[in-house]
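*Asks:* The compositional bias 'Basic and acidic residues' annotation in Swiss-Prot covers 289-305, 318-337. Positions annotated as compositional bias 'Low complexity' by Swiss-Prot: 306-317. The domain 'G-patch' annotation in Swiss-Prot covers 154-202 and is backed by sequence analysis. Residues or ranges marked as domain 'KOW 1' in Swiss-Prot: 221-248. Per Swiss-Prot, domain 'KOW 2' is recorded for 401-428. What Swiss-Prot records for 1-26, 182-218, 289-337 is region 'Disordered'.
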């Protein structure tokens, strides 16, 4: 605080000014002392009522204030509704009831009335009469135009009628009452069309004999950060990591393991995989072909192991066994050589059997071989005239002509590459009888050694 004082100037002198500084007094606010809480057992009725009112006030719905107090509705506990069963009395019972109300009922008539109405006139002797909120049903049969249907919820109406027939919640109904568990249908994932069945291969392990060590990671619900594999659609076989979810459209945003691209896939075609499987298979480009080849080699190995060795003691049986085993070995080796040998030729009509090529668009279709440059470089033409390149021979199989007289080509043996006309077909023995076009010789061959042809230029075979 600054104070300014001035003195009257004397004649012929300058005025004097002086300043004084005073320290402001600070008023410190003292914190109140901590209140000491003493726990006292409240056993009086007044204290209990006060506590109950406080608890009710906490649950009270605030509507408005009046005179500084809260005015609102207290939610009363709802009781189960009961609709008493309407009983129609005949004229004899009605006469006894009227006498009972008038007070002129004799002891004999009172006994009759007790036999007719074991629960009393108004059901006052019924055990369940005091439980639940009763809805009185009038005996009159007047119009129900002014019926108040809001008196009871529609979902509670049927249960209220059953309670009026002495039914208790949880009891079974019928001659042999038993409790039946409520079966709730599974919620269909959004985006799944009507009639479609969702695929759920999650958690199904093909190798059921694996140890618990291999099952260290349990597959849970797909969430952000989970590893998934696409099992259907154009991105079939793609592995990725979930970066986001769109529950409204039941879709996932994933980042692919190969290429690191971000794509949106439906959750219906995605299954969760373990981190071990993701590290092992996510970088494999041709996983499906690798699995097929692995299964084929495993089948051949088991087939060879199942053949018992010859253990006969006699020399003749040894010779016979050795000859038969050698013939089997020669047959198997010849079949392997024939299957491994190039049999595909131009103008052959073959069937496409690979399911993964172009999402199965050519699967089980008949195609024509246009050019053959190698067992992994075959050019084909489909029924629409589209040409496909770099087709493997293992993706094709031979086709047998349907009608007698159609042309075919021998694709195995010493007559490989020769045209013939089919004369007969034996489906039981899987053989065809054909006449060679060049020499008119009649030959017999197995189904797998011949194939139908679709020749564009006849002069190439003259």
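Glycine is no exception: its Cβ is also placed from the backbone N, Cα and C atoms.
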*Asks:* Near the domain 'KOW 1' (221-248), which residues from the same chain, at least 6 beyond its ends, have a CB less than 8 A from one of its CBs?
*Replies:* 190, 199, 201, 254-258, 262-267, 269-275, 277-278, 281-282, 287-288, 356, 359
*Asks:* Any idea what the model's mean pLDDT is for the domain 'KOW 2' (401-428)?
*Replies:* 90
*Asks:* Count up the helix, strand and coil residues in the domain 'KOW 2' (401-428) according to DSSP, in that order.
*Replies:* 0 helix, 12 strand, 16 coil
